[in-house]
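Undergrad: Feature list, courtesy of TrEMBL:
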| type | residues | note |
| --- | --- | --- |
| SIGNAL | 1-17 | signal peptide |
| DOMAIN | 7-156 | domain 'Thioredoxin' |
| REGION | 20-41 | region 'Disordered' |
| DISULFID | C75-C78 | disulfide bond |
| DOMAIN | 356-499 | domain 'Thioredoxin' |
| DISULFID | C421-C424 | disulfide bond |
| REGION | 494-531 | region 'Disordered' |
| COMPBIAS | 510-523 | compositional bias 'Pro residues' |
Amino acid sequence: LVWLLVLSLACLGPALGGEEEDGEVVAEEEEEEDEELLSDELEEEDDVLVLHKNNFARALSEHQLLLVEFYAPWCGHCRRLAPAFAQAAAVLKNESNLARLGKVDATAQVALANEFGVTSYPTLKLFRDGNRTHPLAYSGRMDAEGIVRWMRRRAGPSATLLQDTDTAAAFIRSQDLVVVGFFKDLGSEAAQAFSEVAGDLVDMPFGVAEAAELFEAYGLSADTVCLFKKFDEGRTDFPVDPARGLDVSELTQLLRVHSLELVMEFTNETSNQIFGAKIPHHMLLFLNKSAPAQLALRDGFRAAASTFRGKVLFVVVDVAGYGADVLPFFGLTPADAPTLRLVKMENNRKYQMDQDTFSDTAIRAFVQAVLDGKVKPHLLSAEPPEDWDTRPVKVLVGKTFEQVAFDETKNVFVKFYAPWCSHCQEMAAAWEELGERYKDHENIVIAELDATANELENITVIGFPTLHYFPAGPGRKMVEYKSARDVETFSKFLENGGTLPEEPPAVSEVPPPQGQGPPPTLGQPPASAGQ
């Protein structure tokens, strides 16, 4: 998980939402409702239309725009979304009957879930003009304001037509940031692509201009998308390539990147922008804003930022303010400020300097070295409990994982969990029972690792719980377990050598950490002990 997950869990406001899969997606189960009792009448709960297969077509025919949430009653993300979804539904219902929100219990309405390819929860899809063959996937924020903005943008023109210099100047002055597309033909493919981008980026006001006087007023001779902003360089132009035209995904990303300040401060107001920009690396300066000497460090940080625009987002985190809640994720305390960290977002790897140096030259050199793959990630590890290897379930941490999981004399079954994960909590008793069952077994070890406090160089945990089996013998093999989470199935898997008859194992090979030879066997101290 990226550090966004940690922020959302720390109650830092809605982010971009999430999907809950956990192997329980759209189960083929009997519909609980009696089909004979369901009619095509449209009923509501908290201004949200309650939809099923008998009234779905009617709902599409009566509402020009219908945003439908496919949910599961047990899904935590769905439950967290429900109040915001209902609030947005009330706002849209009061504005017009053209744009409405509906919901489908995908575990009961299996036919509808399968028809629309629902594979995780919640899934939101927009149906327009009664068309049920090509719904549009929702791409907005998962909060009430974000949902309302997204629907409003699709209900009306996605961009305001600017007809003369006065209206254009007023539009540009109206917000801190606006986007204007200058096209000599508003019916061109490039102009249509621009309109599509405008429909998605609902947090930015979009205008469009065709008049020759506007091209001249803004110094343009060809089709161009201009980003006007009241910060940094003030204006950024994106000329339309005459041969390639305008690529929707490319323009979307350019606007996301350049709509951000060169150096962002992490706050409640900016967190959605920071993570929504989808910039692959984040360079973080942790400082205490109440300390003037630390504030001065922002100058060198900013000077280094322009070199990496679009590749690395530079962010200032106040350890005494809004950023305090994210410090544990980096293994930091307020006393560690000022300090620097770089995060690779795709796998959550963190990098730090051997010794913090805050000059722009040193920061540039460090960032470039990380991008070039010349810096090893900094891996978090908790301290092992004193009785970690005497419990029925061995308690692993980062610094003891290698010696246990890759002990060639043992078959090791590891649960990677998060303390806050409800699914992990639900299977905790079964895992403890499994540990008791095999605590005296000569070559089977049951273990667990808190993946929020410990990081491993060559194993990335995406969701919780994740279960991996490490068979005895050479080769550093790893088998991912994806079957039922009960003691008897676990035991069958272990007794069968890390596989179940009904499904082949997903076997992979894990390379050793850089510069490290074979790990010691279980019972020996970790290599780092005593250092």
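Just so you know, glycine gets a Cβ as well, placed from its N, Cα and C.
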Undergrad: Do any residues at least six apart in sequence from C424 (disulfide bond), in the same chain, have a Cβ closer than 8 Å to its Cβ, and if so which, in order?
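TA: Spatial neighbours, sequence-distant, of C424 (disulfide bond): K415, Y417, A418, F464, P465.
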Undergrad: Determine how many residues of the domain 'Thioredoxin' (356-499) DSSP places in helix, in strand and in coil.
TA: 46 helix, 27 strand, 71 coil
Undergrad: Between the Cα atoms of C75 (disulfide bond) and C421 (disulfide bond), find the distance and write it as a whole number of Å.
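TA: Between the Cα atoms of C75 (disulfide bond) and C421 (disulfide bond), the distance comes to 12 Å.
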